[in-house]
Structure formats: structure tokens, C-alpha cells
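The domain 'ABC transmembrane type-1' annotation in TrEMBL covers B:61-253. Here TrEMBL flags B:12-31, B:60-89, B:101-124, B:130-153, B:174-194, B:232-253 as transmembrane segment.
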Amino acid sequence: MSQTVFAPWNDPDETPLIRFKGVTKRFGGFTAIDDLTLDIYAREFFALLGPSGCGKTTLMRMLAGFENATEGTIELSGQNIAPIPPNKRAVNMMFQSYALFPHLSVWENIAFGLKRESTDKEAISARVEEMLRLTRLTKFAKRKPHQISGGQRQRVALARSLAKAPKLLLLDEPLGALDKKLREETQFELMDIQEKTGTTFVIVTHDQEEAMTVASRVAVMDEGRLVQVDTPDVIYEAPNSVYVADFIGDVNIIEGHATPEGERARIDWAEGQPPIWGTPRGAAGTGSGAGKVAFAIRPEKVAIAKEKPEGRRNLLEGQVIDIAYLGNSSTYHVKIADGRIFKAQTANTRRLVNRDITWEDRVWLSFTETAGVILEG
Amino acid sequence: MKRFSWFNATSLTLGFAFLYLPMIILVIYSFNESKLVTVWAGFSTKWYGELFRDQEFLDAAWVTLQVAVFSSTIATVLGTMAATVLVRAGRFAGRTLFSGMIYAPLVMPEVITGLSLLLLFIGIGLDRGIFTIVLAHTTFAMCYVSVVVSSRLTSFDQALEEAALDLGCTPFQAFRLVTLPIIAPAVISGWLLAFTLSLDDLVIASFTTGPSATTLPIKIFSAVRLGVSPEINALSTLMIGIVTIGVITASLISKRAAVAQARDERAAARTA
């Protein structure tokens, strides 16, 4: 089976489902969203990621119709949605608290939206049954929300918001109330349901792993602005700023002064220390590879060894200060020349007792010239 | 420490005696055979029979019932609306003033409320009768309803209403289909409270009534001035009964709703 890559954002002929055009939202003197422009395409699973208070929930509530933009326009299928009240939008929302109606059964909760637009009892009933099957809730149809578990309630909320087959489904921290194991299962379930129904999902989350797992594209937000909008792998491998690099996953950041030398750039970061060699990312448009820069490298891209490895230009010597044992991997905290801590992560392919590196050991850290990214300082 | 000392027992007895002795005496004497209120002449229910043959009392009871039903119903609608606005509207200029003004009639002396309503009715040339008493009772009962309902609304998750809007409800439908069923216990206990308040009000009713409408409290008060009859005792006993049932029901309803809510929250916390 040939599979075309799903990337409508790279296709200039594709029209976006949602367009934010210069949207600003102020609450009194506080600017929640600051001149934001963003396109989201049909069938995308789009994640808004950021710390609390970054404006991601406000952005979502504007799509649902609970808030209006102070400036700028939001278009859904080419139509300005500002004058359309929430009950007239082809947009449904799954609330963080689920907001299930406590006086109605699971069945009635799911049927609630359908009953507002149709009186055809059989059609409603068929659709509710379909939703119950999709979310594996058939057994619980007659129960009240307080009689089912948190995971089941989450699925009722999802079924209810999907029942009207919206063009766009908004999910506000949908998995926040679930424990880790259930959350991971549910993430895959969400992706599965998103694919089956072909609905465009916009999810708000502060959990970067969740965003990386489910989303086709991730928007990292900070203080009402979009810092980077890209696919999860680009966000992780080629963050465009120290903020993104630091927010997503674990990272070592070294400030220094870069000088381009041929294809590579030489970064001088401490007196009397050998420079770090990196690759300027002209294509990604960030880091000209000159001047004051920050060099960011993920711990798992740093190799650790007791003997000095041959043939590598990027070498740092240090001493193991701490080891975080995570089961499948271990993170070594290594103190390097100027006293800073550098993290290196290795997969635990051998049993713990056979590990040759331990506390206080002198070690060598090494990485390739393309492993890290050079960011504007 | 001894929890039940003699001092405590005495205080308790005195306190409750102070509160309930007069009523107990009234109830006992309503079953008195003798026509003289202060002389006990054996048990009898004949005064209750007399009461139900007295057309004036029956008329007054009918007026009172009508006033109570209409005024408490209107007060419940208005009070619920006021509570919804005050809890939901969030911050707006003069919000504190508004909520203060809703509660002010609670502490306003009834004489003042009655007098000012009387002046208003005379001023706009409204004939005094059942209608004016209904208006007057609505005015003061509404505050009680709004207090009861707004305390329930503050713990109401606003996301529920947003969810209803999101699923295609108009704001009114959202209120009718989601908010109202959930806050119904508070609304019902507000109604019962308004009902009992209207039932036993004398001061405001006497200011705002006309010759055509005499409520039971007014009737009793004027009858007593001619001397206390055992019939009055019987009537008062019935009223005590009705009011007690009303108040107990109201508190049971709100208590049960609170218990059910706590149970749901516990269940939710357990399974979450």
C-alpha cells in the first residue's frame, strides 16, 4: 500500500480549514493572545502546547465561540466566525472537566446535541449507538456519569462532542484527569478515532509528550505568541529557539560565540577549552552560525565513554556527578571543564550490574557535528 | 470532661422552654373542651369542627393560600433570575451594589416595607386587595429565593452551560435543559421558603390589603382583639403544622441535594 505523506501545510494549493489572521485578545489590560496568525488544515490533529497562562485555552475558546477576538479575524472554511454564536458553529468541544450533564444518562448525554437539531428519533438513536460502539461504552449507556469511572467519563465526553460530526473538534486538556497508563492508552485511542472519523482535532495540552504523540503538527506557545509551529520531529530535532528546545524534552544548552568555517561553524564557549563544532541550519532559517549563539543538544545524542573515543571533533571531558536510572535508559549528569553540568543519556541495553560507568568516574562525552542545533543566543 | 453537666441541661431546658412553651400551650388549649381559653375542661376536637364551619375563616384561608401560591411562584421566578444574573454576570460596574440591594430587604423592617408599598399603591392608584398583597409578598420573598438559589449557583460548574451551548442549545434552552434541572432542589426549597413566609406575614399584608381581602394572620389578629377563642387556637395549630412541614421539607430537599452532590463528587474522585 502506498501512503502519501499527510502534509497539507506544505501544499500551497490547499485551503486551510481555520485561519487566524492577526488575532489579538485582551482581557482588560492583559493581552492573552498577541497578534497571532495561524492556519490549521482539514483532517489535522493539531496540538497547542505551552505552559499555563500562555493563551492556548483562550485560543481554543475563541474557536468554540465563548470568547471573541479583540482584533483580527478567525475564519472557519473561509467564513468569519466572529458573529456566529457557539450553538450555531460546526465546532464541538470536549471540556477539561468533561462537563457531562449529571442529571442525564450516558445515552442521553450523547444524544443531547443531536436532539437539538433533529426530531428524528430513529436517526438519533442510530447515531448514539454508533458513538457508543466507537467509544466502547455500549454497556454503560444507561448509567449516570457519577456511576462510571474517570476513563469512561472521558470517553462519554468524547462521544458526546463527536456525535454531531463537527467539522472541528476542540479538546481542552482531554487526558489531564487520567493516570499515566490510561492516558497513554487513550492517546492512541484518540488518534484512532481521529483517523476513523476524519475530523479535524485541535488539542490543548501542557504535556509535551502528549502533544508529540498525538499531533500531526504542534504549535508551541508562550505569552500569547506562537513560538514555533511544526511537525513533532522538527520541533524536537530543530527547535527554532532556546525556549522551544528547553520546553520540549531534555536539552543541554551552551552559550558561545560562533564563527562559520566552511560547512561547519566553530563555537568557542569557554576559555582554554576546545571549541564545539556544529552545523549552521541555513535551511531551517534559524541560526546564521555567526555571532552570539546557543548550542543545543539532546542528551540522547551525546555518547558517554570511559576511554577517549577516536576520530571525533566534539569531545568534552568530565566527571560523573549523578546518574538518573529510568529503567529503559539512564541519564548521566557530567560536570565538565567550567563546572557546568552536561547530560548524556544512554539506552540500558545491558543489565545494571554490568554497567561500567559509575559515580565519580572520569568520562568522555562526544557527539557528531550534526547532532546539535545552533540557535540565536 | 463531662459533656452533659447540670448547667448545660438547665440552659437547654430554659432555652427550649422559652422558644416552644407558648406554642405548646396554644396547641394543648386548641384541644380544650371549654370555651374559656384558660380553663381546661377535657379533650375535644370540636373547635376544629367549628373552625371548618366558620365561613369567614374559610374565606380568609382561601385568600391566604392564593396569595401564598401566586407570590411564592412569582418570587421564585424573579429570584432565580436575579440569582443567575448576579452569579453569572461576573464583574461589572456596580455589581456589589446590586447584590447588596438584593439582600437589603431581608433586613429592612417590615413596617417600612409595608408602608412604602402602601404609598406606592396609593400613588399609582392601584385598588388594594389580593393583587396588591401578592405584589408585596413577591417583593420581600424574592430576596430569600435569590439568596437560596445563588448559594447553589456559585458551586455550579459553568462549563456545563457552555457544553450545552456548544452542543447547539440557545442560552434559554441551556438554562432550561441543563441548569434548571441541576439547581431544581434549591429552587424548590426557595419556593417553599417564600410560601411559608407569605403564609404567616401579618405586617406587610395589613399595610397592603383592602377591605376585599383578609388573610388568615390579619383575621386572627383582629379576632384576638375581641378575645381569644379556642377556634383561634385550633387555626393557629393548623398553621404551625403547615409552616413546620414547609420549612422541614425545604431543608430536607436542600440537604438531600447536598448529600447527593457530595456522594457524586466522592464517587468521581474515587474513579477518576
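Keep in mind that glycine also has a Cβ here, set from the backbone N, Cα and C atoms.
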Of the listed stretches B:60-89, B:174-194, B:232-253, the one with the highest count of C-beta pairs below 8 angstroms to the transmembrane segment (B:12-31) is B:232-253
Stretch among B:60-89, B:101-124, B:174-194, B:232-253 sharing the most Cβ pairs under 8 Å with the transmembrane segment (B:130-153): B:60-89
Leading contact stretch, B:60-89, B:101-124, B:174-194 vs the transmembrane segment (B:232-253) - CB distance under 8 Å: B:174-194
